[in-house]
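Working notes, structure below.
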Amino acid sequence: CASAAVSSYDRQAKTFIDLSSERYFKLYDQIAAETYSANNEEDFEALFSKLTNVKRIADELVGISREASGFDLAKVRSTEIKAALQELRTVGDLFVLGEDYFSSVQMNLASLQKMSTDKDIEPYLNGAKMPNEDDSPLAYYPDIQKIVQRSSDVDELKYYWETWRDKNQIWASVNFYTIVQSYQKAAQILEIPVHQLWYRYDSQEMLQQMEQAMAELKPDYQQLHAFVRDELHKKYGGDVVNANGPIPDHLFQQVMEQAWEEGSIIEAYFPRKDLPQYDDFVKQLSAKALINESESFYTSLGFDSLSADFHKNQLKDPNEDRPDDDCRPALFDLTPHVYMMYCEKVSFRKLMQYHGHMARVYYAEQKKRLPSYYFKAYNLEYPVGEAVVLSASSPTHLTNRGLAKGVQFTPNSLQNRLFRMGIHTVLNIPLYYVHTKVMHDLLNGTVDMDTVNKHYWKLLEQHAGIEPPADRTEGAIDFPYKFYVNIDQNYQTKKFISEILGYQLYRALCQKSNHRGQLHNCDFYGNFVVGNSLKAMMSLGSTKPWKQVVGKVLPKNSGLSSLALLEYYQPIVDWLKTHNAQTKVKIGWNATTKSKC
């Protein structure tokens, strides 16, 4: 009798999760359609109607969460049904906050995004260094970012670093902490650990994996750090850069922003003029042609072409009347029915972005037969996109596709390209880790808003060898603008995993394509073996633990590892070790002397 009763309970739960999975997809399709069809010119009534619809949908999603929580997991025999119920408990997400989500959280998130785009920063020296001495206020993105990409004036860089943070100190503190509290409150309502809501997978295991990758990266990161610090010390002197200490953050950011510019930190060794102008490769193409070129990479691996319906009704350029608008492409991929918005601006960077975004489109297609509770795939769409971008940006691929017409990639230009990529990639990884750790520690209460800035600088010094440009005052909040971008989507953790795991996938796929030669010039375009491996992984969604899913491409998978990335950049690491030995620079850094209140 007891056995029959339990089986009946499982059947009841199974009926619920099947219906809820269909409802989940239907509801999120409605939200995506509302967002996709929105435009800035709509009148108030139309926008209010859409908001009302989203609120209704949010209430239904919260209802699914509550119903799932009503099942007693101790009575459920099937491990699959138990896992499905646990996943469905979380679908209410921040919507469980009710009206607070729409009246407060949404405004807080929008305010954090606007901190980088509001034109409220007075230009340095009242605009004396701006074209035509224009004294109009600037936004951090893109105005000040462009200044950082070209400026070698240390006082100018320090001015913008400090002024933007001082301007936004209170704004950042209030809005950001409200987001932290919202996740804590939502997790309490959903009766799940806050980190489960934030990460969407086993947070403790993933943090350990990230720490392992950081430990592997550290020795070679310190070699690059030592070279960068020595070059900055020679350029700006010991009063600005301590030859044995951490690197001031405003100059660290300058080095990364200028990685592909003339006058970068490596200009004396690898001049930018020896590399092609990558934007020239795509200057004859339209924005839609960039999308088509990205799609062709996946079809060359054996994936189906995207449907005519997708191209007509789920793909659009909302900025076609603004051809120079460097917008951020947007995707809605929480269900198999993916929507994508792209930008009118044509550049090589955009082409690579679309190669990465297409991984999300094709991943959703491969998962389309899975129920909603298995549809999320540990964010593996992002490292797959990273692996494809590494292949698509290789000189071999650019030459074979006819994009690099008349360009000869010499051994020296390959090294030049690799060094610039390495600066941008390797220097960013510890930042992604620190940003992840800061959020992790705030959510679990290890630190609070009064102590988080000191904690942030301690982590930055420990893991990245960075210090503030000057003493910091009590109450300062010094996170960069990128920390707040898509913060509700845990973007910094996604970036860390996509970089590290992306190189692991890339190396494995190159091995499957029987690549010979140095890893950094491998192209697996057109290889069906690679495509079949990716399909095998993608189609699993989250039906198995993440290591087993990734194991379809990495058969000896032991988790996140920096070793593939370091193999990719091995020629640069070898150059750095030789150069640093010759210049006798310190490897590592002494403690900062700056105050970090």
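Placed from the backbone N, Cα and C atoms, the Cβ positions cover glycine too.
Curation plays no part in TrEMBL annotations; they are all automatic predictions.
The annotation chloride binding site is assigned in TrEMBL to Tyr201. Non-local contacts of Tyr201 (chloride binding site) by the CB criterion (under 8 A, 6+ apart in sequence, same chain) comprise Tyr378, Ser542, Trp546.
With a 10 A radius on its CB, Cys343 (disulfide bond) counts 24 other CB atoms from all the protein chains. Feature annotation from TrEMBL assigns disulfide bond to Cys327-Cys343 (among others).
Residues or ranges marked as disulfide bond in TrEMBL: Cys510-Cys522 (among others). Other Cβ atoms within 10 Å of the Cβ of Cys510 (disulfide bond) number 26 in total over all chains.
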Between Cys522 (disulfide bond) and Cys343 (disulfide bond): CA-CA distance (Å): 29
Cβ atoms near Cys522 (disulfide bond) (within 10 Å, other residues, all chains): 21
